[in-house]
Structures are given as structure tokens and as C-alpha cells.
Amino acid sequence: MGVQKDSRDIRWNRTTRPLALLLCGLLAFSALSCARTLPEGRKANLAELVSEEEEHFLLDPGNALRLFCDTNQTTIVNWYTESTRLQHGGRIRLTDTVLEIADVTYEDSGLYLCVVPGTGHILRNFTISVVDSLASGDDDDEDHGREDSAGDMGEDPPYSTSYRAPFWSQPQRMDKKLYAVPAGNTVKFRCPSAGNPTPGIRWLKNGREFGGEHRIGGIRLRHQHWSLVMESVVPSDRGNYTCLVENKFGSISYSYLLDVLERSPHRPILQAGLPANTTAMLGSDVQFFCKVYSDAQPHIQWLKHIEVNGSRYGPDGVPFVQVLKTADINSSEVEVLYLHNVSFEDAGEYTCLAGNSIGLSYQSAWLTVLPEEDFAKEAEGPETRYTDIIIYTSGSLALLMAAVIVVLCRMQLPPTKTHLEPATVHKLSRFPLMRQFSLESSSSGKSSTSLVRVTRLSSSCTPMLPGVLEFDLPLDSKWEFPRERLVLGKPLGEGCFGQVVRAEAYGINKDQPDKAITVAIKIVKDKGTDKELSDLISEMELMKLMGKHKNIINLLGVCTQDGPLYMIVEYASKGNLREFLRARRPPSPDYTFDMTKVPEEQLSFQDLVSCSYQVARGMAYLESKRCIHRDLAARNVLVTGENVMKIADFGLARGVHDIDYYKKTSNGRLPVKWMAPEALFDRVYTHQSDVWSFGVLTWEIFTLGGSPYPGIPVEELFKLLREGHRMDKPSNCTHELYMLMRECWHAAPSQRPTFKQLVETLDRILATVAEEYLDLSMPFEQYSPACEDTTSTCSSDDSVFTHEPDVPSLFTHHTTTSMVGT
């Protein structure tokens, strides 16, 4: 008897166990062997199978199984599995005393017996287990992540008499000791083991018992696969993880080192010198290489600079380019541009343009195409080139020495006073590369935004508004709007470095050139630093790339020439969503009617669902453009006169890696009550962290502008979030909607719904709800703090913010009538 192992390394172990399930000796045949017989013509019953010896084999799916049942009694045996006799055919091949099964599957697992025909004697039995060891720790196992009981693993196997201390059953799966992964990835540690009795497994982190109680998102201990699974790892998960496998005959251990790399909030980095200038022979093939390093998902375009009507640049100074190749980093050979059978027309400048949600980077190279004879001379004449280099270098050194001599001679002369004339300010030379590029690789990429270099204007210029910062930017004809067609109105909000002004724009709607439309204008004040100016320009550039959507604040135009920078955006007459909801709360019992105040319209349950649905649509659009908001809250959603929800401030630059989230000072505030745990504790911002904030925003909507976590101090909030506490269901919210909020607040980011899924769910709910108005008796005051969140004197008990060091905010407003992106 034996087993022939396939070349793919069948792992097996063998145990012997006596079986005494039949009563022998009750009849006169007590001297006969206690071997179990299986009468011919009767199917084997698994519960009745008896053997003196069992062999257990572990196979991977796809292996070939080959069992031998050697016997001196006969040259032919019958094979049984479960309650079925095996027949020759298909994957099964029977030859004398040999059973062969090709390409085993999970269904082939079970008990196999070889039986002597006629007598029914069971000669041998085999237990076959088909297990996919390569996927033993993956999420798509058949148990779907179900956890086993650790106690079950330590029980003695029935009828076992062969004992053994724990040992590694698959050491080849444990070669990798160091795991260095970016934040947000899933990590699996495996320690596949065996022993008799079956050993138990424990996990230690840095030498201490580890059960994941204090980890955001918890862990999964998959005992049947001897694995530890951690989803959405963060920097605080770094450390040494040790598996301790033990039974009463011994113990073994193995350690893994986990290093979680923080995501880098930088635009793509291009390797210096690539692409490189290339000289090619006519008709040959050319390759340009562009090595891109980016933590955020990058998108890459290859551009060729072309001429239109004999000019390389348009009237606005932007070069004409042709997009040759567009792809993201996962595409095949995206960093290589192939040019086949090049001609003289292919000669020119080529640019590799790479971008992510943070910004853009580009590098260019020239292709020179030569006839075969010229290319041969170029290749054969290095000595001539070296001679030219020596001549030019010598000449340059001679000129440099002459210049030094002249300077030294002038220094010997007595100084003379000269009258200094006021310097004339000239525009800086620039290279405004056309951005035929979008944050999403599938977009049309028609934006012609320029890569700009900023310079301040002379102080002799007179700004249209006093105290407003001025500068020089290249003209972008697609977005430029004439200043003389703007009539500035009253300020809508003002902060330390910026202000928002209401204005009337004549002709900004090209279909109605003489009609005035109310808009909002963002301006940087004169005392703003270069960083505030740069932030506003970055916001403007990003809004150009984002395109237009009904549920976001859209860019309408810019004024960049002959004066301060104006960023013209849509105007929302009803202010931010938080104040919009609070103004429409039902009156309290002690309410006194005010004849001078016009009552606001009453909101129905359908209206509130519509608010959430519209915000989800806007966020789904931003997600499709790979834009992470990072500060989604009701205060950053604006409401138009037609009750259309518009997300604001998605273009603001936020340096999340430079913030101490635990330090409180008197200056600067952070919206901790809207932040996902991974963003709050580990500074990891993703679309999933925006989904968490959307859940809090939905809670705000159904409490009509309530303050999240009412009555809970910020310091206590940190502890409650780590322990898994969540806000209760609002009074006017259905169970289905509350469960949707709870899904948004799942501790594991990967388990939260996407904005696309949220849109689909809310669309379905919106289609089924009736216009039922809210119960006027519900006490909405329970969701309001004793003092307003926006006042600096409010205690930390109900403040929605925690403080950070003094980092100026571009648009930090006081009270406003209507705010746009502030």
C-alpha cells in the first residue's frame, strides 16, 4: 500500500488508530479477525467504515491523486468513497490495485476505501483533504471571514494515539519576515501548523497579547487558516507580530515585522533626465521613457508639441500639443512611448505629463531625426565632437578670465555715485504647458489651464479694492472675464486673509450677454502671505480641472489681468446647509410669533432625504474625479434659492501631514467630530474617510442642524471612537436611514459604502417616501449645544472643533449672510 505524490508536492501526515466498532466474539467466529467486511452488492456507509489503519493526505486543487492498495490476496480491488463505489471513467482511472484521480477539486475530499471483491474485507482507508493553501488567508475563502473557536482546535482528535508537538506544516509560506505596506492596505500573517493534539494559536504584538481590542477596525483571527488579518492598516499598526502555537507537548513561535508607510501628499515625481533627448535614423524605431513616482494614483499623458498655422503657441501664449497616449499607472507600459518608423515630421519636442489629485509634473525631451548618412557620421565622429567641445570650452574659459580681469580693474577705480531710477516691472517669462489632462483618465481632458508662475505687481498699481493682494498670471482665455463687467456688492464673509464679495456679473452667461447674474467672488487680501496666494491659485486651478456638476459650487470665471485675482463662483442665496436647517426647525413650546420675521418654509421628510441624496451625488462626482474633500460637513454645503445642494471648499489645499491633532491652543480649529478615526488618529485621508463625514452630515440633516456628539467633550470623543461608540438614531430618521449612517461609520474603511452606492440607496429611498412633514413636537434642542459652535468662548463640552497650532486659514469667516466656499 502506498501513495504516489504529484510533482506539485502533496503534503501529508500519517496516524495509526485502532478501531473496534464491531462486536467480535459474540458468535462462534470469535477466533476470526476483527476486520470489517463489506458485502458485495451493498453500498458502503461512511458511518460504518472500519479500518485498522488510516492515512491522511493534504492536496492542493489541481493535484493528481494516486492511491495504492497492495495486497497478497488478490490483484483486483474495489474502491469506495462515501456511499458510492467508484467506476472507471472521466477523471477516475482504476488499474488493478491503483486508484488515480486527475485534477482533484474540493468535492474530491473525503474517505476512500479499497475492498477485496467477494469477501468485502476493507484492506485500507485513506482520508483525502483538498485545501487551497495559497488562498488560505484570503478574504474570499468559503467561510467568508468566519472566525473559528480557538478552543475547538485544542481538542484531541478521536481515536488518536500518536502524539506530536507543534510543527510548521508549510514553512515555505513563512519566508517573508518584513512587511512594508502603504497605509490603507490589508495585511495577512500566516503560521500554518500541525500537531497532535491539534495545537492552539495565539498572537502577540511587541511581546504582549494581541486581540485587536484597541485597533480601529479590529482584526480577524482565522484559526482554521492559522492567520491574522488586519484591514486598512495605519502607521500605529507598526510593530512585531508573533504567532505562538502550542499544545501540551510543546510550543513554537514565529515573528513578523510590519512597517506601515504613510501616504505622501505630493504631486508625482519624475526621475531626472527622463525622457532624454534622442537622435534617431530615418525609418528606425524610438522609445521615450518617463519614470513616475507617486503614492496617490497617477495618470500619465504623452504629448507632442505641434504647429498650427506656422505657430507653436496660441494667442494666449499656450502651446499647441497633440495627445499621443493617455493612461493610468496600471495600464501596460504607460511610462514608455513607442514611435515606429520615424519620419522627419516626427522630429520635435515630446512631453511626459503626470498628475494626481495633488498636482501635476512634466518633463520634456527632443527627438532629432537624421538621414542614414548623417546618422552614420554622427555615430562615427566622436573625435570631432570632442575637439569642438575642447575649443568651445577653452573659448568660454578665456572669456570668463577676461571678465574677471575687467571686474578687478573696475574695483581699483574710485567709486562714483549714480542716480537710481525706479525699476520697471516686467512680466516673468514662463512656460504655460497646456493641460489637456483630467483627474480621471476617462475624461475628455479638454481643459486648457496653464501651469503658472506668479509674480507680484509693482506697488504703484492701484487695485480696484483697497488692501487686496495683486500679482501677475498668464492669460487663460477660456476662463478670463472682463473686470469692467463686474459690479461689486457687499461682503458676504471676511477672515484673516481672504474675503468673499457678492457681485453682479454682466454677460457671464454667454447666451445672455446683457443680463446680470449674481455671483460670489473670492479675493485674497493684501496682508496674505505667498502661501495664501498660492492656495487660492491652486484652488482655482483645481476647479478648472473639475468640470461642472449641479451639486458642487462651480467656477464661472477668473480675473487675472491688470489687478487683483478674482475667482468668480456660483452664488448660493440661502447660505450654508447647517444654518438653512436650523432656520427651519419647528418652533419650541415657548415660541413667540414675530410679525416682522417671515417664517421659513416647512421641511418634509422627503426634503431631508433629498438633501442627503444631492450631497451624495456631488460627492460621487468628486470621487469620480479622484478629489478627496477632507472637510465634508453641513457648514460646507451651500443652498441655492431653488434648494439645490452645492458642495463647497473641495478645492482648498489642506496640509494634513503638518497637523498635531491632539494639541490644543487658542488658535486654529479642526473639525474632529466629522473626521473618520483613521484621519483623526493616523492622518490617512481617503474617499472612505469622506464617506464617514457624509454619515455625520446625514445625521446633521435629520437633526435639522444638530451638533454631532452633543454633550461629549472632544477629549472623551477620542476614547469613545476607539471603543466603537456611535451616535444614536435621530428622532425623525427611519431605521433604514440610520443603518445607512452606521454603514458609513464602519470602523474598517473598506467596509463602508462608496458614494456611488450611497446615491443608489438614497435614490431608492427617495422614490418610496411620501411627503410627510416632520413632527412639530420633536425637541430638536437636544441636538444643540448650550452655546454656538462658532464662538471662541464655547466650552469644549459641545465644541465641534479641537484646536491646532497657529496655522492661518485662507477663508475663516465671521457671521455671514451667504457663504461660498468659506
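Each Cβ is built from the backbone N, Cα and C atoms, and glycine gets one as well.
Residues or ranges marked as signal peptide in Swiss-Prot: 1-35.
The feature N-linked glycosylation site is assigned by Swiss-Prot to N13 (among others).
Taken from Swiss-Prot, the feature disulfide bond covers C69-C114 (among others).
Per Swiss-Prot, the feature N-linked glycosylation site maps to N72 (among others).
Residues or ranges marked as N-linked glycosylation site in Swiss-Prot: N125 (among others). DSSP assigns N125 (N-linked glycosylation site) to a strand in the three-state reduction. For N125 (N-linked glycosylation site), the Cβ neighbour count at a 10 Å cut-off comes to 21, with all displayed protein chains included.
Residues or ranges marked as domain 'Ig-like C2-type 2' in Swiss-Prot: 157-259.
Taken from Swiss-Prot, the feature disulfide bond applies to C191-C243 (among others). Long-range neighbours of C243 (disulfide bond) (same chain, six or more residues apart, CB within less than 8 Å of its CB): F189, C191, I201, R202, W203, L204, W226, L228, S253, Y254, S255.
For N240 (among others), the entry in Swiss-Prot reads N-linked glycosylation site. The Cβ of N240 (N-linked glycosylation site) has 13 neighbouring Cβ atoms from other residues within 10 Å, across all protein chains displayed.
A coil conformation is recorded for N277 (N-linked glycosylation site) in the three-state DSSP classification, outside any helix or strand. Of all the Cβ atoms in the protein chains shown, 13 others lie within 10 Å of the Cβ of N277 (N-linked glycosylation site). Residues or ranges marked as N-linked glycosylation site by Swiss-Prot on the basis of sequence analysis: N277 (among others).
Annotation source Swiss-Prot lists disulfide bond at C290-C352 (among others), citing sequence analysis. Remark: C290 (disulfide bond) has L270, Q271, L274, P275, I300, W302, E335, V336, L337, C352, A354, Q363 as non-local neighbours, by Cβ distance under 8 Å and separation of at least 6 in sequence.
Within the same chain, no residue at least 6 positions away in sequence has its Cβ under 8 Å from that of N309 (N-linked glycosylation site). Under the three-state DSSP scheme, N309 (N-linked glycosylation site) falls in the coil class. The N-linked glycosylation site annotation in Swiss-Prot covers N309 (among others) and rests on sequence analysis.
What Swiss-Prot lists as N-linked glycosylation site is N330 (among others).
DSSP assigns N341 (N-linked glycosylation site) to coil in the three-state reduction, outside any helix or strand. Sequence annotations record features per position, and here Swiss-Prot assigns N-linked glycosylation site to N341 (among others).
What Swiss-Prot records for 389-409 is transmembrane segment, and it gives sequence analysis as the kind of evidence.
Looking just at the domain 'Protein kinase' (486-774), the mean pLDDT is 83. Among the features that Swiss-Prot reports, domain 'Protein kinase' is placed at 486-774.
According to Swiss-Prot, the phosphotyrosine annotation covers Y661 (among others), on the basis of similarity to another entry.
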**OP:** Count the Cβ atoms, other than its own, that fall within 10 Å of the Cβ of C69 (disulfide bond), considering every protein chain shown.
**Re:** 23
Subject >> DSSP state at C290 (disulfide bond), helix/strand/coil >> reply: coil
**OP:** Filter the recorded positions C69, N277, N341 down to the ones within 10 angstroms of N125 (N-linked glycosylation site), Cα to Cα, kept in sequence order.
**Re:** C69
**OP:** Can you grab the distance from C114 (disulfide bond) over to N240 (N-linked glycosylation site)? Cα atoms, rounded to a whole Å.
**Re:** 49
Original post:
Using DSSP, how many residues in the domain 'Ig-like C2-type 2' (157-259) fall into helix, strand and coil?
Top reply: 10 helix, 52 strand, 41 coil
Original post:
Around N341 (N-linked glycosylation site), which residues of its chain at least 6 apart sit with Cβ under 8 Å of its Cβ?
Top reply: G283, S284, D285
